């Protein structure tokens with residue numbers, strides 16, 4: 001009795017049907033990029049200073065240039081070059097008093113301006129940017145800057161909480177239904193984010209979008225890998241993830257063209273309504289239908305694939321009883337992931353690899369966004385280096401296997417993070433180059449750990465193993481924003497120290513596996 005793989009060899013393992021379906025689903029993967037790392041543009045923090053109506057009026061009367069106004073009315077950098085006093089404190093001065101002149105107005109109040117009292121920004125802030133972000137609209141700076149971290153952490157928390165529920169829906173009701181339902185909800189929530197009246201509602205919509213959006217991406221990943229023959233499964237899995245990189249490159253261009261966050265959010269959300277057309281052009285997975293004993297639909301879909309691929313119809317296809325993998329009848333449990341010493345080792349190592357790769361990947365993106373000279377160009381350059389990662393994987397896994405390239409890429413990312421600590425910020429291009437090397441290394445890791453997770457577990461606990469281990473990826477994403485931005489307040493190189501340790505340790509444990 002033939003299996004689905006046997007019949008795919010006859011109707012086409014990667015023919016016209018699979019190629020069309022693959023390209024359609026790759027658009028879904030690309031659209032996930034703004035959800036995952038769009039915070040870089042939606043919540044960028046421009047240079048800012050306290051708003052002072054009195055100082056602005058004095059500047060107008062005196063005819064100061066912007067440089068003169070900043071020099072006369074804004075505190076200088078704090079101790080050791082800290083910018084906090086300049087951005088979050090203002091002089092406690094009555095700017096309307098007649099004693100203040102137009103040349104060095106504060107000279108008569110104190111011999112040294114550093115002796116003047118500083119106070120909080122009582123009238124808000126002035127932001128040096130032609131656009132807008134959630135930071136500038138909701139004043140998420142200074143004492144409220146942690147709310148930017150919370151904004152990104154919420155979507156990762158949504159990924160984490162939604163993984164179990166969405167996985168159940170995909171296994172219980174089908175990959176296609178899960179894909180369409182989660183895509184619709186994610187799109188609606190993306191639009192609601194664009195019109196959110198306040199920070200609290202924005203945070204709620206962000207959390208809910210996280211609950212469903214990863215399910216949409218995962219359903220597309222599962223669908224395309226189940227449509228192709230065994231010999232093409234690794235290739236489409238890697239290239240599907242590469243489409244995500246295409247979304248990153250496109251995001252940098254769209255963000256540059258639309259510098260206002262609400263319009264940008266609409267621009268990346270509204271087109272995803274078109275993915276609902278998949279109802280008509282993407283069929284259900286025949287492998288899932290087979291697991292549900294819906295053999296008539298399996299036969300119909302495989303016959304459709306044969307026609308699309310230009311293969312002769314299989315005259316005996318309708319009388320074939322497709323063999324179902326008996327291992328699918330087993331009922332997996334969480335304990336099965338730890339039942340043998342080998343499985344325990346695999347599970348713990350994979351959990352750590354998912355956690356570390358998530359922190360390094362998101363952390364390097366956010367670090368470039370927080371310290372780069374040109375936000376759009378730096379993001380664009382670092383996204384481009386992800387494309388070679390796919391070709392490196394495809395060129396090495398057959399020759400060297402999975403473990404050695406995975407360990408080498410982890411070590412490369414860790415060494416790059418360690419090197420960045422000692423590179424002066426004045427050497428901008430060297431910083432970007434080394435960051436791109438680290439970004440390419442961790443991209444290889446991220447893509448390969450998906451393959452490793454799927455191949456190390458036996459069939460009946462494969463989905464459970466991938467789901468449990470990859471949940472550590474989402475947990476890493478929850479804490480990464482706080483690691484990047486809060487540790488950077490202590491010392492700018494501190495996040496890189498942590499990323500270097502995580503990467504080097506990941507390379508070490510991979511080699512030991």
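Numbers here mean position along the shown chain, with the first residue as 1.
Cβ coordinates come from backbone N, Cα and C, glycine included.
Mean per-residue pLDDT, taken over the domain 'Major facilitator superfamily (MFS) profile' (103-513), amounts to 83. Annotation source TrEMBL lists domain 'Major facilitator superfamily (MFS) profile' at 103-513.
What TrEMBL lists as transmembrane segment is 21-44 (among others).
TrEMBL lists 150-170 (among others) with the feature transmembrane segment.
Marked as transmembrane segment by TrEMBL: 177-197 (among others). The list of residues near the transmembrane segment (177-197) in space but at least 6 beyond its ends in sequence, with Cβ under 8 angstroms from a Cβ of it, reads 28, 35, 166, 169-170, 205-206, 208-209, 212-213, 215-216, 219-220, 223, 262-263, 265-266, 268-270, 272-273, 275-276, 278-279, 282.
Positions annotated as transmembrane segment by TrEMBL: 203-224 (among others). Nonlocal intrachain contacts for the transmembrane segment (203-224), taken as residues 6+ away from its ends with a CB within less than 8 angstroms of a stretch CB, comprise 18, 21-22, 25, 28-29, 32, 35, 150-151, 154-159, 161-163, 165-167, 169-170, 175-176, 178-179, 181-183, 185-186, 189-190, 192-193, 196, 236-237, 240-241, 244, 275, 282, 285, 474.
Positions annotated as transmembrane segment by TrEMBL: 236-257 (among others). Residues of the same chain lying 6 or more positions beyond the ends of the transmembrane segment (236-257) and with a Cβ under 8 Å from any Cβ of it are 14, 18, 22, 25-27, 29-34, 36-38, 41, 217, 220-221, 224-225, 228, 264, 267-268, 376-377, 379-380, 383-384, 386-387, 389-390, 393-394, 443, 446-447, 450-451.
Taken from TrEMBL, the feature transmembrane segment applies to 263-282 (among others).
With a cut-off of 8 Å between Cβ atoms, the residues of this chain six or more beyond the transmembrane segment (349-369) that come close are 36-37, 39-40, 44, 152, 375, 378-379, 382, 406, 410, 413, 417, 432, 435, 438-439, 442-443, 445-446, 449, 452-453, 456, 465, 468-477, 479-481, 483-485, 488, 495-496, 498-499, 502-503, 505-506, 509-510, 513. Sequence annotations record features per position, and here TrEMBL assigns transmembrane segment to 349-369 (among others).
The transmembrane segment annotation in TrEMBL covers 375-395 (among others).
According to TrEMBL, the feature transmembrane segment maps to 402-423 (among others). Residues 353, 356-357, 360, 364, 392-393, 396, 430-431, 434-435, 437-442, 444-445, 448-449, 451-452, 455, 493, 496-497, 499-508, 510-511, 513 of the same chain lie 6 or more positions beyond the ends of the transmembrane segment (402-423) yet place their CB under 8 Å from a CB of it.
Annotation comment: TrEMBL describes 429-452 (among others) as transmembrane segment.
Listed by sequence, the residues of this chain that lie at least six past the ends of the transmembrane segment (464-484) yet keep a Cβ under 8 A from its Cβ atoms are 39, 146, 148-153, 155-157, 159-160, 163-164, 167, 214, 332-334, 336-337, 347, 350-352, 354-359, 362-363, 366-367, 370, 450, 453-454, 456-457, 495, 498. Taken from TrEMBL, the feature transmembrane segment covers 464-484 (among others).
Listed as Cβ neighbours of the transmembrane segment (490-512) (distance under 8 Å, sequence separation of 6 or more from its ends, same chain) are residues 349, 352-353, 356-357, 359-360, 363-364, 367, 371, 403, 406-411, 413-415, 417-418, 420-421, 438, 441-442, 445, 483-484. Feature annotation from TrEMBL assigns transmembrane segment to 490-512 (among others).
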Which residues of the same chain, at least 6 past either end of the transmembrane segment (375-395), have a Cβ under 8 Å from a Cβ in it?
40-41, 44, 234-235, 238-239, 241-242, 245, 248-249, 251-253, 255-256, 364-365, 368-369, 405, 432, 435-437, 439-440, 443-444, 447-448
When each of 21-44, 263-282, 429-452 is checked against the transmembrane segment (150-170) for Cβ pairs under 8 Å, which one has the most?
21-44
Residues of the same chain, at least six outside the transmembrane segment (21-44), with any C-beta under 8 angstroms of its C-beta?
129, 133-135, 140, 148, 151-152, 155, 179, 183, 186, 190, 209-210, 213-214, 216-217, 220-221, 223-224, 227-228, 236, 239-241, 243-248, 250-251, 255, 261, 264-265, 268, 271-272, 275, 278, 281-282, 362, 365-366, 369, 375, 379, 481
